[in-house]
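Heads up: the structure comes next, in structure tokens.
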């Protein structure tokens, strides 16, 4: 495990003021104020209560909502759900990625399977009788999954950490499945029965059990955490890097834009594959700090030095106070943003729900092999 600083306490300081100082290693580390994590990004600005009330009113009345989600028959054509093909082998010189909806991705490479922010429930909420509901169902069940070795959780919001899914995964895989979570989340995981849990701070590296050639790293993001009325930011949030001998995967989780992505690219890039959020970004006056727009997603693609990127966090849930953009807009806007940057459009792609793609890994690529086993 890499040597990292403890979360920096910035008692009595603002997050913006705290962000003026960085660690001696040149990296931005997690920070806490009065026992709660804060965003160390100068540009971070959580929406005011007034803006929150305005946003909830717009959601309730439909004012400014341009999502235009059509009937299921139309969705079956424009945003299909297909049955994942888990039977085809993963080539030795490639990574196989399957989009399971929202921020749930299964990535397989070097004889390891990694699952990100899994949610197979119909609603992203504390209860399944109310709350944000899927308009595109899960393409498979937990029982349909192949063997999974590692799950990474970006943060504790209900659309990224789902009680029923965690319980079902634990029931199926037990302690064979290793959970990598941000600081503060292991008590919740253990309350469900998951004991094979590793808590990590930003930049903390952990080896996969019985696989010394695979390391999992929690890296920065710009977001926040909350599941109950009084637990604001008691748990850290972040992005993840999973690094093998020749393969590097980056998972952006849920985030606004921040300079931390340049730090990630400099330290761990280039990545063969990145999964980057592209949806739930409108209106910008409310969402800018916490959800990237497609143009910012392309900037993250560039910052982390991704060879290929998959667009996630779109086309699945109609989230409360988010998803005001057209339901297919994230897909088209990413293409436009790639073209505007003079980049190959095919290098930042999307998949059908349940769809897969194999990402080739060069046999000899010194830039990818750096730091894999150090």
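Using N, Cα and C of the backbone, Cβ positions are placed for all residues, glycine too.
Annotations in TrEMBL come from automatic prediction, not curation.
When TrEMBL is compared with the stretches 1-32, 33-64, the one noted as region 'Disordered' is 1-32. Apart from 159, 160, 254, 313, the residues listed for Zn(2+) 2, the same chain places the Cβ atoms of 102, 103, 117, 154, 155, 157, 253, 277, 280 within 8 Å of the centroid of those Cβ atoms. Excluding 155, 157, 223, 254 themselves, the residues of that chain whose CB lies within 8 A of the CB mean position for the Zn(2+) 1 site are, in sequence, 154, 156, 160, 221, 224, 225, 237, 253, 255, 290. In this structure, of the binding-site residues 157, 223, 313, the smallest number of CB atoms within 10 A of the CB marks 157.
Across all of the domain 'Metallo-beta-lactamase' (114-314), the predicted model scores a mean pLDDT of 96.
Calculated from their C-alpha atoms, the gap between residue 223 (Zn(2+) 1 binding site) and residue 160 (Zn(2+) 2 binding site) amounts to 13 Å. In this structure the C-alpha atoms belonging to residue 159 (Zn(2+) 2 binding site) and residue 254 (Zn(2+) 1 binding site) are separated by 10 Å. Each residue contributes its Cα atom, and for residue 157 (Zn(2+) 1 binding site) and residue 313 (Zn(2+) 2 binding site) those atoms are 13 Å apart.
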